[in-house]
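Below is one structure, written out as structure tokens; comments come after it.
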Amino acid sequence: MQPGIITYSRNVFLPLTNVCHNRCSYCIFKTPVKDGCVMPKADVLSTLDLGVKSGCTEALFTFGERPGLEDGFLEYIRRYGYETILEYCYDMSLSAIEMGILPHTNAGILDYNELEWLGDVNASMGLMLETTADIPAHKNSPGKKPEVRIGMMEDAGKLKIPFTTGLLLGIGETPSDRTESLEVIESLHKRYGHIQEVIIQNFCPKEGTSMEKWPVPAKEEICDTINLAREILPDDISIQIPPNLSDASELIECGVNDLGGVSPVTIDYVNPEHPWPEIENLKNIIGKRRLEERLCIYQKYIDKGWYPERLSGLIDKLNKDIQHRSYK
Ligand SMILES: O=c1nc2n(C[C@H](O)[C@H](O)[C@H](O)CO)c3cc(O)ccc3cc-2c(=O)[nH]1
Ligand SMILES: C[C@H]1O[C@@H](n2cnc3c(N)ncnc32)[C@H](O)[C@@H]1O
Ligand code: SF4
């Protein structure tokens, strides 16, 4: 974190599948197995292409967790010539790299071997901790058990994968659960040094879910949590809020220094009712501070060489591209 500087990454969002083995009560992203439940290859490639042409540096592969455990899914993924969604993700990541955009995958829970294998085509990866509390919203989501999430973040640390995580606020956790969640992240980072950013994301109610009428977290609560994150987390971890989900200009005053992935091309498929601000308008949100574009892998990890060798040329090229843009 550098004082006075607010960073963001220019991305395209690729929801490879909406099928998911979890059933989080706040989520509208997940869908049943049905026609169209896997994003066609032609759409992935055209989105990547549009991304590259629009100056995006990050291909965000975010999709349902362990869709292969849902009845009938295998048939759909086989139509594309793959046995698992992760094989599809691997192959599309290779295409992304070839086209000139860096993969960042958040596929939910992966085991050590899956992480190691996918890590070889990713510049960084992510998984929201959400919360360390056992909450009713997660009672049908085996992958949201805190110990499972923490276990994967520990594996990512062992594998030296630059990592994004975060808290989802207002899903039934208490203020002390938020403290505990941030302390867990701090302790993981102390041991492995791999956490590059922590997202403080506010729950947004979705029509048709059981949490449709659930109250949203107040601005003060979000701000208090950002303050708490600043106290608990070391300075080298960025604190991110998504600028489409809350009044970012007020939250920046609370200690935020990153606006995450913003897309000039794709919508936020997790929160489709919240459009991204235009990149040009981000400057209005941040007041007197300076807006700086970044890659999905932070400079610190580039310097340490925490990326697969095959990405070395591309990281170098994109770093030059964004520096060039910032001096224009
Ligand atoms: O567009 C989005 N980006 C999301 N991102 C992407 C994030 O903003 C950027 O990919 C990172 O800042 C890397 O540049 C996530 C990344 C993670 O690893 C974990 C969770 C999220 C959540 C979202 C999200 O809901 N919408
Ligand atoms: C990709 C991330 O999106 C978040 N997510 C899922 N559903 C919602 C919602 N209704 N409001 C805000 N964030 C949500 C979760 O934190 C998930 O990990
Ligand atoms: S938030 Fe992620 S894990 Fe939970 S149901 Fe939605 S897609 Fe699945």
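Quick reminder: no glycine exception, Cβ is built from N, Cα and C everywhere.
Remember, predicted model here, so these are calculated numbers, not experimental data.
Positions annotated as domain 'Radical SAM core' by TrEMBL: 6-244. The average per-residue pLDDT of the prediction over the domain 'Radical SAM core' (6-244) is 98, rounded to a whole number.
Here the Cβ of Cys24 ([4Fe-4S] cluster binding site) has 23 other Cβ atoms within 10 Å, regardless of which shown protein chain they belong to. For Cys20, Cys24, Cys27, the entry in TrEMBL reads [4Fe-4S] cluster binding site.
Sequence-distant contacts of Cys27 ([4Fe-4S] cluster binding site), defined as residues of its own chain at least six apart whose C-beta falls under 8 angstroms from its C-beta, comprise Cys20, Lys206, Thr209, Val270. For the recorded [4Fe-4S] cluster site, residues Cys20, Cys24, Cys27 set the reference point as the centre of their Cβ atoms, and the other residues of that chain within 8 Å of it by Cβ are Asn22, Arg23, Tyr26, Phe29, Lys30, Gly64, Glu65, Ser141.
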